[in-house]
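Here is what Swiss-Prot says about this protein:
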type	residues	note
DOMAIN	1-53	domain 'PLAT'
DOMAIN	56-741	domain 'Lipoxygenase'
REGION	108-144	region 'Disordered'
COMPBIAS	123-132	compositional bias 'Basic residues'
COMPBIAS	133-144	compositional bias 'Basic and acidic residues'
BINDING	His407, His412, His598, Asn602	Fe cation binding site
Amino acid sequence: IPGAFYIKNFMQVEFYLKSLTLEDIPNHGTIHFICNSWIYNSKVYKSDRIFFANNTYLPSETPAPLLKYREEELKNVRGDGSGERKEWDRVYDYDVYNDLGNPDKGAALARPVLGGSTLPYPRRGRTGRPKTKKDPNSEKPSDFVYLPRDEAFGHLKSSDFLAYGLKSVSQDVLPVLTDAFDGNLLSLEFDNFAEVHKLYEGGVTLPTNFLSKYAPIPIVKEIFRSDGEQFLKYPPPKVMQVNKSAWMTDEEFARETIAGVNPNVIKSLEEFPPRSKLDTQSFGDHTSIITKEHLEINLGGLTVEQAIQSKKLFILDHHDYLIPYLRRINASATKTYATRTIFFLKSDGTLAPLAIELSKPHPQGDEHGPVSEVYVPAYEGVEAYIWLLAKAYVVVNDSCYHQLVSHWLNTHAVVEPFVLATNRQLSVVHPVYKLLFPHYRDTMNINSLARKSLVNADGIIEKTFLWGRYALELSAVIYKDWSLHDQALPNDLVKRGVAVKDPSAPHGVKLVIEDYPYASDGLEIWDAIKSWVVEYVAFYYKSDEVLQQDSELQAWWKELVQVGHGDLKDKPWWPKMQSRENLVEVSTTLIWIASALHAAVNFGQYPYGGLILNRPTISRRFMPEKGSAEYAALAKNPEKEFLKTITGKKETLIDLTVIEILSRHASDEIYLGERDGGDHWTSDAGPLEAFKRFGKKLAEIEKKLVQKNNDETLRNRTGPAKMPYTLLYPSSEEGLTFRGI
């Protein structure tokens, strides 16, 4: 009975082989081969292309005739680590992030290498491009960026709009906007909030004679549905669809820390005043200057000690990681503060901000500690806008941390080493390959696109986010403390003090904020993933010994830890991969990161951040001081002064264009609980049945989440903006839906 087949292409063009089905095999019926691969002319390959039937075998159980082919195919995919990779190659190998800068074009475009140095980083896929002249450690940027061929968007319509959209923003949209601003066709600043709202009503209009100088930009027609003089038209973001000023309320500001686009940073406040972990010799004393008096006026009769004891105080802390970079960031056109925000859990289950501390470096040197100021809620006169500005500085830090850490680092960059190790060490017939492979769809492609036009030197992120040229460097500083163990949702919640371990609770943890939409929905999804993984692992590994003797699995884990995440290889938290429990925990965590965690931090970007007033990405001026001309201007024209402080108009248009593309689902997206190729991904009935149960469970969870959103006693589910928290609904249509995993 055939277990594999070779294929040769004698044509000059490549073709995409989806699957092969052999019918009426004597004594066997039908055999399915799932291929999903581009086949080039056979001359470009060193060895013939082989595909295996959809049977699943541990290495020790592989039929003897197939063993040689199994090992050979893995060797082909690993390559030999040399040479520049070509379009048709299928080689997976590791490299450091040394292709973000372009030192040959000047020092302003040089960027440090991330990984293998004092700036640790997960590895990326190796391309083997030549090095730059100015820096022998940096790789030359190029138009063609190698990707193992089957990692490129191979599915048909596929997220192609993403690839093509991002490329078009930098190559087409940016130049038009730059010329329009330079030629005074667009005013440099928004004058008031109503002008921001106009973006969603009339869009950005430019004279036809100006637009006719440019070739038609297909993306503008397709994504921004514009015509005539309308250059860009944006759909109204969900956060303003019902109430245009909901974003200004304290309740919405607080709610977005637990149900917004960055819902996993807020922590329980365990000590008062909040302290810093920064070295006092280098940075002075960074203990917070927030006092009990600042808080107790709004604690409903409690003292700070009582509120901490009863777990009613929380902190959104954007202080320590930013301080060492703050002086450099503020030396550019941006001006900002490190922030600490204290929240109180009220009796109705909602959070209220009590105080915001803004800290900037001391003019006489870091060792003198920060210059800090504390702001408390105010709702009348100029002080109401001072408070609104204080919240805006907090959100700017939160936006940067969200984009560079919660989104890019924690759901994109850390996954790439798993993609590489899985392809290099686990055969396509290995059960763990089949379990994890669907969750890698497009990861390397999107990451490679990001390195080319989003997170590169002077790319879209550096242009539109406060951290500027330090954006990726700061994410490397934060990666030093990354741990796979903490990415598991229950561990993350306990570590942040927003849940406590409780064996009697449904998911083993009890939430401190009961109505915490991201956490309560997330635990349901986490549990469903874990149950599926437990069943799957038990089907193939009847004991821990079988797992310990699985040569491919052990090589996979060793390479992932020692090479893929090699800068952290000596950390004690890495599991040893000696038990089925280890494999379940690692696989569940990885699937969670690549599916639900990514959905929670990605698909809400436009619904929340599309209104720049709600999620500004840059601050350009410091807080006005009493008695200054800026303070008088704020009193006279508060909206204009607020807008002069946050993200500028040009940066806003670029930011909105990008996050609208990122927040969309493709028409052929595959959601959690679904598989490409239907039931043919494995020939084993047990896992197929378990997977169907997993799909059913997710559909049940979705019904439960819909009910929660209809429960008016759960105030954090919809908030003042009246936008139900739907980011962890498993299913979705295509487009901008604010849901879908």
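Every residue gets a Cβ built from N, Cα and C, even glycine.
Because the structure is a prediction, the values reported are computed rather than measured.
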Cβ atoms near His598 (Fe cation binding site) (within 10 Å, other residues, all chains): 20
In the chain carrying Asn602 (Fe cation binding site), residues 6 or more apart in sequence that have Cβ under 8 angstroms from it: His407, Thr411, Leu662, Ser663
Check: same-chain CB within 8 A of Fe cation site center, minus His407, His412, His598, Asn602: Ser406, Trp408, Asn410, Thr411, Leu597, Val601
All-chain count of other Cβ atoms within 10 Å of His412 (Fe cation binding site): 20
Number of Cβ atoms other than its own within 10 Å, given for His407 (Fe cation binding site): 21
